[in-house]
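Participant: Encoded as structure tokens, here's the structure I'll be asking about.
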Amino acid sequence: MNAAVGLRRRARLSRLVSFSASHRLHSPSLSAEENLKVFGKCNNPNGHGHNYKVVVTIHGEIDPVTGMVMNLTDLKEYMEEAIMKPLDHKNLDLDVPYFADVVSTTENVAVYIWENLQRLLPVGALYKVKVYETDNNIVVYKGE
């Protein structure tokens, strides 16, 4: 007899995408001197760029028919719409309206991605967004 019959198994599914974007860390609430002190070289008036990596993790029940939490093709399309189209090869501060009034820190990039994905994914599916600004600078956001 199959021990899994009748069990409702749950799993987490993650997918990685990479995008390139530029930005400048600058808060209009701070003076030029304060911005330079807080953000250092990242406050360069001409901005700077990153090759971001984003890992999106969803969770849910494993469908007993398909064996999947979600079809990876669907997740890929959601991530294309929520991450790649609005952010890839963009100046975050100039090309993405969200960042007109929000400092484009990696924390806020993670929040932006979370909010975009929440609008597309089934309710309750999104578990976490992990954004690598560099290999050493990483933000994890779980909607909290």
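Quick reminder: no glycine exception, Cβ is built from N, Cα and C everywhere.
Copying in the features that Swiss-Prot gives for the protein in this structure:
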type     : residues      : note
MOD_RES  : S18           : phosphoserine
BINDING  : H23, H48, H50 : Zn(2+) binding site
MOD_RES  : S27           : phosphoserine
ACT_SITE : C42           : active site, proton acceptor
ACT_SITE : H89           : active site, charge relay system
MOD_RES  : Y127          : phosphotyrosine
ACT_SITE : E133          : active site, charge relay system
Participant: Count the other Cβ atoms sitting within 10 Å of the Cβ of S27 (phosphoserine), across every protein chain shown.
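Facilitator: For S27 (phosphoserine), the 10 Å Cβ neighbour count is 14.
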Participant: Specify the nearest of the recorded positions S18, S27, H48, H50, Y127 to E133 (active site, charge relay system), where nearness means the distance between Cα atoms.
Facilitator: H50
Participant: Tell me the Cβ contacts of C42 (active site, proton acceptor) under 8 Å, same chain only and six or more apart in sequence, or just say none.
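Facilitator: Expected: R24, L25, H48.
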Participant: For Y127 (phosphotyrosine), write down the residues of its own chain that are at least 6 apart in sequence and whose Cβ falls under 8 Å from its Cβ; none is a fine answer.
Facilitator: R12, T57, I58, H59, K142
Participant: So what sits near S18 (phosphoserine) in its own chain, CB-to-CB under 8 Å and at least six residues off in sequence?
Facilitator: N51, Y52, K53, V54
Participant: Return only the integer: C-alpha distance in Å from H89 (active site, charge relay system) to H50 (Zn(2+) binding site).
Facilitator: 10
Participant: Other than H23, H48, H50 themselves, what residues in this chain have Cβ atoms within 8 Å of the centroid of the Zn(2+) site's Cβ atoms?
Facilitator: A21, S22, R24, C42, G47, G49, L92, S104, E133
Participant: CB neighbours of H50 (Zn(2+) binding site) within 10 A?
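Facilitator: If we count other Cβ atoms within 10 Å of H50 (Zn(2+) binding site), we arrive at 18.
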Participant: For the recorded positions H23, H48, H89, which Cβ has the most other Cβ atoms within 10 Å, all shown protein chains included?
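Facilitator: Highest number of other Cβ atoms within 10 Å: H23.
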